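Written below as structure tokens is the structure these notes are about.
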Amino acid sequence: MASSSFSIVVVALGVLALFAGSSSAQLSTNFYSKTCPKVFDTVKSGVQSAVSKERRMGASLLRLFFHDCFVNGCDASVLLDDTSSFTGEQTAVPNKNSIRGLNVIDNIKSQVESVCPGVVSCADIIAIAARDSVVILGGPDWDVKLGRRDSKTASLSGANNNIPPPTSSLSNLISKFQAQGLSTRDMVALSGAHTIGQARCTSFRARIYNETNIDSSFAKTRQASCPSASGSGDNNLAPLDLQTPTTFDNYYYKNLINQKGLLHSDQVLYNGGSTDSTVKTYVNNPKTFTSDFVAGMIKMGDITPLTGSEGEIRKSCGKVN
């Protein structure tokens, strides 16, 4: 009797697990193998062209994927433009005057449409472009799971609430990532995306003038192009990784150990807290960092995708069909 009850419970749990993972389970690395076999080459060509013109664009495309996935899943909602009757996510605090690369995705979408019209989603193009950006800048490669569809809606409040700001505490970072099904280790690994790219003065001003857990010479260097007065030089840029700002490597973590994290939300990863040991691991074992980063990217790409008959395949990424 006990064993049969146990069997029923096991089967029930199995069914629950099947339903819980059904969306991401419908994603596959060969989703377009028959319907659009040239999708990878087409996207890569577009990314290479954009990054060759401006290496920072690689970081911007990677960040675009993160900002998309953290708001109702990886559904290209971040690309939807505001209209007189529709408010998208682009004016949210984490995105306004900040997200970049939308025009690059639009251009790539046009190229993909010319090869196989109405087949590949904008959401999948963002995912592939993020991977290609990492590879082009010297980072790891991985097989991108595909089959996402594009949303017909967006969430301004979701963008404002779900994406952690640069002032985040460690506990806030952990909770924001946990809310998306990502572990603390995933969070530390994915924060390594800050090995490339730049940040605006307004996002690190408080750190370089008010915080004590910062290398003094580093702070002075940053202060030279980021005045203390709010409203002055707000959009002046500084590299997130002072050492190798356009190369994907583990210097981001080395900087943290030397108290040279640019953002408050960077340095909290190495400030006497629970994530210090992971930062040290990534400093001493770059291969562990890259493998964890890849695992985190795949996991992030699995966040509540629209699949099957859900959503749509947009003809133009900035608007619903």
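Positions of Cβ are set from backbone N, Cα and C atoms, glycine also.
Here the structure is a predicted model, which means the values were calculated and not measured.
For 1-25, the entry in Swiss-Prot reads signal peptide. The disulfide bond annotation in Swiss-Prot covers Cys36-Cys116, Cys69-Cys74, Cys122-Cys317, Cys201-Cys226. According to Swiss-Prot, the feature active site, proton acceptor maps to His67, an assignment based on similarity to another entry. The Ca(2+) 1 binding site annotation in Swiss-Prot covers Asp68, Val71, Gly73, Asp75, Ser77, and the record cites similarity to another entry as its basis. Here Swiss-Prot flags Pro164 as substrate binding site, drawing on similarity to another entry. Look at Swiss-Prot and you will find His194 tagged as heme b binding site. Annotation source Swiss-Prot lists Ca(2+) 2 binding site at Thr195, Asp241, Thr244, Asp249, citing similarity to another entry. The N-linked glycosylation site feature in Swiss-Prot is assigned to Asn210; the stated evidence is sequence analysis.
Put simply, His67 (active site, proton acceptor) is 10 Å from Pro164 (substrate binding site) when counted between their Cα atoms. Counting every protein chain shown, the number of other Cβ atoms lying within 10 Å of the Cβ of Asp249 (Ca(2+) 2 binding site) is 19. Report note: the Ca(2+) 1 site is defined by Asp68, Val71, Gly73, Asp75, Ser77, and the residues of the same chain whose CB lies within 8 Å of the CB centroid of those residues, excluding them, are Cys69, Phe70, Asn72, Cys74, Ala76, Val78, Ala123, Ser151, Ala154. Here Asp75 (Ca(2+) 1 binding site) comes close to Asp68, Ala123, Arg148, Arg149, Asp150, Ser151, Thr304, Pro305, Leu306, Gly311: these same-chain residues lie at least six apart in sequence, with C-beta atoms under 8 angstroms from its C-beta. Across the structure, Ser77 (Ca(2+) 1 binding site) and Cys226 (disulfide bond) place their CA atoms 33 angstrom apart.
Secondary structure from DSSP puts Cys36 (disulfide bond) in coil. Here the candidates are the binding-site residues Gly73, Thr195, Thr244. The one whose C-alpha lies nearest to that of Cys116 (disulfide bond) is Gly73.
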